[in-house]
Amino acid sequence: MKQLYGVIGNPIGHSLSPVMHNDAFEHLNMDAHYLAFLVEEEALGEAVKGLKALGISGFNVTTPHKVAIMEYLDEIAPLARQIGAVNTVVHRDGKLIGYNTDGIGFVRALQSISEDPLQEKRILLIGAGGASRAIYFSLADVGVKEIDIANRTRDKAKNLISGCMENVNSHALSLECAAENQGEYDIIIQTTTIGMHPHVEYTPLEIRSLKQGTIVSDIIYNPFETKILGDAKEQGAIIQNGIDMFVYQGALAFEMWTGCVPNIDRMKQLVMRELGG
């Protein structure tokens with residue numbers, strides 16, 4: 001019988017997940033299909049019940065349901081609970097189990113372009129929202145010891161850090177302080193929406209003086225090269241946009257659902273083609 005997978009959110013028409021996952025199913029000769037489901041906030045509980053009753057094998061969760069869905073699941077993985085959000089649900093042994101592959105997907109994407117182990121790096125996160133939180137706890141989970149957070153409102157960065165693991169050395173910084181000290185970091189990760197289309201002329205951090213070999217990553221993928229990435233490239237940095245994070249988090253969800261590892265390069269090429277790259 002054909003296995004059913006999907007994604008729930010609102011809006012959902014723009015989602016690239018169906019194209020990416022259905023191509024992977026076809027490429028691996030799997031009898032499965034992935035659909036996008038528009039779910040209103042007030043209907044979330046009923047939608048989750050319905051998906052479970054239909055025997056869905058797994059599904060992704062996107063805006064605005066990543067936090068609210070947690071109360072409707074049977075189990076939540078420890079890292080997802082720490083992050084406080086779920087983006088992937090596995091239907092296993094009659095239970096809906098929530099995971100968060102956003103942060104781990106980003107970590108895998110980052111590892112793919114870093115010559116050295118991430119555990120040896122000093123990292124700066126820009127922003128203190130949901131994406132930053134997922135990345136922060138996932139970096140800590142793989143053993144990164146030095147992670148600072150810069151945010152427009154420093155108190156929000158402090159709140160994020162307050163839940164950190166004891167073995168992580170973290171500081172909450174103003175954006176001005178981060179700009180002054182940017183040369184101290186091996187990796188800078190931009191997690192806000194600043195610089196996203198159509199406001200492409202903006203950047204949360206003016207890149208001025210990076211150390212040699214710095215990696216600058218931006219979770220935005222529209223445009224492919226944001227202002228912060230363009231400025232970093234001019235400084236000789238290694239740059240990475242948000243396509244890698246999107247692909248790696250999707251590939252990890254696919255692996256959790258099916259036990260099969262999809263072709264990352266194929267997924268990335270497909271997504272870039274869909275985005276016009």
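Quick reminder: no glycine exception, Cβ is built from N, Cα and C everywhere.
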- Message: Based on Swiss-Prot, name the residue from GLY105, GLY230, GLY236, GLY242 that is recorded for the same NADP(+) site as GLY127, ALA128, GLY129, GLY130, ALA131, ASN151, ARG152, THR153, ARG154, ASP155, LYS156, ILE219.
- Response: GLY242
- Swiss-Prot has SER15, LEU16, SER17, THR62, ASN87, ASP102 down as binding shikimate; which of TYR202, TYR221 does it also list for that site? TYR221
- Expressed to the nearest Å, what is the distance separating LEU16 (shikimate binding site) and GLY127 (NADP(+) binding site) at their Cα atoms? 25
- Message: Just to be sure I understand the packing, how many Cβ atoms besides its own are within 10 Å of the Cβ of LYS156 (NADP(+) binding site)?
- Response: 16
- Where GLY129 (NADP(+) binding site) and LYS66 (active site, proton acceptor) are concerned, what is their Cα separation in Å, rounded? 13
